[in-house]
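Have a look at the structure below, then the notes.
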Amino acid sequence: MKLSRQFTVFGSAIFCVVIFSLYLMLDRGHLDYPRGPRQEGSFPQGQLSILQEKIDHLERLLAENNEIISNIRDSVINLSESVEDGPRGSPGNASQGSIHLHSPQLALQADPRDCLFASQSGSQPRDVQMLDVYDLIPFDNPDGGVWKQGFDIKYEADEWDHEPLQVFVVPHSHNDPGWLKTFNDYFRDKTQYIFNNMVLKLKEDSSRKFMWSEISYLAKWWDIIDIPKKEAVKSLLQNGQLEIVTGGWVMPDEATPHYFALIDQLIEGHQWLEKNLGVKPRSGWAIDPFGHSPTMAYLLKRAGFSHMLIQRVHYAIKKHFSLHKTLEFFWRQNWDLGSATDILCHMMPFYSYDIPHTCGPDPKICCQFDFKRLPGGRYGCPWGVPPEAISPGNVQSRAQMLLDQYRKKSKLFRTKVLLAPLGDDFRFSEYTEWDLQCRNYEQLFSYMNSQPHLKVKIQFGTLSDYFDALEKAVAAEKKSSQSVFPALSGDFFTYADRDDHYWSGYFTSRPFYKRMDRIMESRIRAAEILYQLALKQAQKYKINKFLSSPHYTTLTEARRNLGLFQHHDAITGTAKDWVVVDYGTRLFQSLNSLEKIIGDSAFLLILKDKKLYQSDPSKAFLEMDTKQSSQDSLPQKIIIQLSAQEPRYLVVYNPFEQERHSVVSIRVNSATVKVLSDSGKPVEVQVSAVWNDMRTISQAAYEVSFLAHIPPLGLKVFKILESQSSSSHLADYVLYNNDGLAENGIFHVKNMVDAGDAITIENPFLAIWFDRSGLMEKVRRKEDSRQHELKVQFLWYGTTNKRDKSGAYLFLPDGQGQPYVSLRPPFVRVTRGRIYSDVTCFLEHVTHKVRLYNIQGIEGQSMEVSNIVNIRNVHNREIVMRISSKINNQNRYYTDLNGYQIQPRRTMSKLPLQANVYPMCTMAYIQDAEHRLTLLSAQSLGASSMASGQIEVFMDRRLMQDDNRGLGQGVHDNKITANLFRILLEKRSAVNMEEEKKSPVSYPSLLSHMTSSFLNHPFLPMVLSGQLPSPAFELLSEFPLLQSSLPCDIHLVNLRTIQSKMGKGYSDEAALILHRKGFDCQFSSRGIGLPCSTTQGKMSVLKLFNKFAVESLVPSSLSLMHSPPDAQNMSEVSLSPMEISTFRIRLRWT
């Protein structure tokens, strides 16, 4: 009977899928591309081409639907096996017995139609695919003559007879918000004078132009200037003499920031511009980030930009693009099925953005046209020939010399419109430079423009002036539907500016602050969401103590400090020591102030009678359970003081948009503890020792861990009191390689001289074996009972003995990584408990811990890995964690870009070791036809795969010398640094490896996406400080901010309160930012237990929030700059895969 029922279920499922597949093909067969925003791709010409395209498309659909049927068949079989096996509890650990845990959800959660996107992505050919470009380039670096990294450029004198060369000389000043000086010091010494002189000198002549990028500096100057000067700036913007480019808070790094922070600093800058200047930037300007990410191109496109410019790209790629005239291209996302993400990008062709490298290929000549370097000044030309002031006597010869460079540079492009930037770091701070540059160039312009035989039109311009002229020229010569510019997909990492000098060191430099940055992002997002919803309650109940609080001002300051840290010399770890301290102090202060906002907002939301709300300006009612004592110290758990008489209240916030089963761990002062759920029932608790050091157990603190089930964006209240409880269980310990006895106290601690037999821990999904050093050796996935080699080891990289060595920017190793060697077997501590088990290995420079949670669901399916790294006593070394497996990834691996998308990588033997290191923001993985091994990260670091089956992650680097890129120091201010990871091993199904090798795109699984989100957005436990003020103060037992979980593939990026148009307060609107993630379905699905489903990107917003009415919802551009002309109030949103969409939302508490 049971077997018959299983076949009925299976047969019904197959029947439904076949019928659905036929419907899907009929519905879509006449289309070449999916509906929605990606219909813009170019269509084939001619009837035969169209017919062939349709046949190919139907073949793809048949293959995709066969794949769906295969996946569902596997799922039904797995489901029937689960029924056959009966319910499975946790096997627990031998010493602990068993424990009843939540059963997994049904495994089949993804709508089969949502699986089509990943299989189609990358099917559209590009003109330029960066993975292919790497195959084409020899990377041989021959001497190119005056253009050392290029080639000799020639032209014919009559090439401009029919169309003159149009040159835009673009004055600019690159102002780092911190590098060799702090942000404030640079402003005091340089930047304020640049602005002041800009106003004076641009007003002198309407033909003069200037560009500005960093809004952090502009906002600081705006606060101290008078109204006439403000009006002058507005006038300059209005008449086109001044242009704001990009308009973010900073010019961010593009390798290490998460897309959350990239968007946030863009919004902060654009909101400031809208409020104070009423301008909307059109063009992106990124001349100094050390490599470029397509994520930034996508964000600019969705913010409403038409064009962008980049500079720091590998010199061999610049040469290749110059030879093929592909320096200007439409940058298209790898995953785009059409052309909806195209943005016109200009790549500067030469070594640097300074004046010697921007007029043409010969820096010796171009330097002579940087008039700040005239004899008698502080700067000269390193090529030995100084500039000459322009006079009637030399203007002809000097103009000819400069025009020759312009013409040669123009030969690298496809039009006769040329961009010639004129600037450098902190330029135009003195009025004398304005005079020298402007007056000398004005004489050159005047002469050139007055000589028809020169066939040139030259003027000062801005970046948009250039792009406008470029588009006009292209429109004039466009004769067919084919674009003048190629479509390009891929990224521009890893950057090298010369020789084998790859800038892969900064992916890891100062990792302490990279981790602090990610914590800050999670906290600011939590604060934004809680504050917006608490604000609506406060407005409804007229709670003036909340409404009049400085929370919005504090939140704005935190946004700006986070934005400042995305600067390309901040999060990168490439600033002077004291500048790093300044950044760290800003983050630290904002973390503290965010805790107050989170605590006060959560307290109001969880309070039953809102009118009883009180606020102490000096502290929050609800306090975080961790405290960081200084900007460079690790966060520590506070110890909650318990008593038997009065319970302590613990409020746990789930900042994630799905309901969640996760472990909460807190510290208390008593081992006899009872935790009561919101229903008043005791919950299962693991009481673990708090270790003062390797062998000493604290008598003052105990760790209490329990499983909490919290609704999406939900707050839940637990009561904790000192009491004997049958639901409380002590953890057991085994100490290996222990040469001294540990004090047991109340815990059972077993001492072993050495490990002897293998050390093992397990949970319902995984069993792990460790060697006698406490390092992982192999893993068994209980889903299929197969054992997999999975070895963890640590390595050292040194630095080369050549003249140029590793520094803050560069990674220049002395060869392959060398194994970390301990003189004797390290001390190993094994914890086994009801809620979790772990193995901790104590090496001299790393405390390495692998933990398994004994829970069903998402967090039970991966291994948590934490490393406390301390290399403060080493010299010129970099420490790496390597994970080795038998996966045959064939030199192909994958790293994410900005936590947004996955970029395939290849380990290339023709490149040096350091070139094969890439940025990893949230994950890296390797795979073969059967398995995928993913390392998920809670901080940005460098990652690589130096051999088949391996993933390496760089954890810290200590370098004693400068690497000659301007910093003037090494990196030796190392901190004790906590790195946090998860390792996920997944079984793949229905994989075509040949197709996969050709694909320029890849996607995480849904399980991987959610594991990453859990890692980066942990539960936030908060303790009620003291007791409730009076019996009238009652807390709700639970308050879900959402009515139900969002679809599995939709992430609520932020709910950001929008500023008021007047004053410094808030408006009644918020920015709702949603991201629909692309995911891969080719994984065995048994037991995943996702707490959500997918819905083809459709979501009703009217039913989104719990007890908050949506009064209006209007689509907007990403950074709130633009609203569609036909924007209307919406009740349902429909998101395409991979898209990030912003809406203006107005909420009201009901």
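Positions of Cβ are set from backbone N, Cα and C atoms, glycine also.
If you look up Swiss-Prot, you'll see 1-5 marked as topological domain 'Cytoplasmic'.
Feature annotation from Swiss-Prot assigns transmembrane segment to 6-26; the stated evidence is sequence analysis.
Per Swiss-Prot, topological domain 'Lumenal' is recorded for 27-1150, and the stated evidence type is sequence analysis.
Summarising the annotation, Swiss-Prot assigns N-linked glycosylation site to N78 (among others).
Per Swiss-Prot, the feature phosphoserine maps to S80 (among others); the stated evidence is a large-scale study or a structure entry.
According to Swiss-Prot, the phosphoserine annotation covers S82 (among others).
Under the heading N-linked glycosylation site, Swiss-Prot lists N93 (among others).
Residues or ranges marked as active site, nucleophile in Swiss-Prot (evidence: similarity to another entry): D288. Annotation note: D288 (active site, nucleophile) sits in a coil segment as assigned by DSSP.
Sequence-distant neighbours of N1129 (N-linked glycosylation site) (same chain, six or more apart, CB under 8 Å from its CB) are S1112, L1113, V1114, listed in sequence order. Summarising the annotation, Swiss-Prot assigns N-linked glycosylation site to N1129 (among others).
Non-local neighbourhood of D288 (active site, nucleophile): H174, D176, M251, Q311, R312, Y353, H568, each in the same chain, at least six residues away, with C-beta under 8 Å from its C-beta.
Taken together, the residues in the topological domain 'Lumenal' (27-1150) have a mean pLDDT of 91 on the 0 to 100 scale.
N1129 (N-linked glycosylation site) carries neither a helix nor a strand DSSP state and counts as coil.
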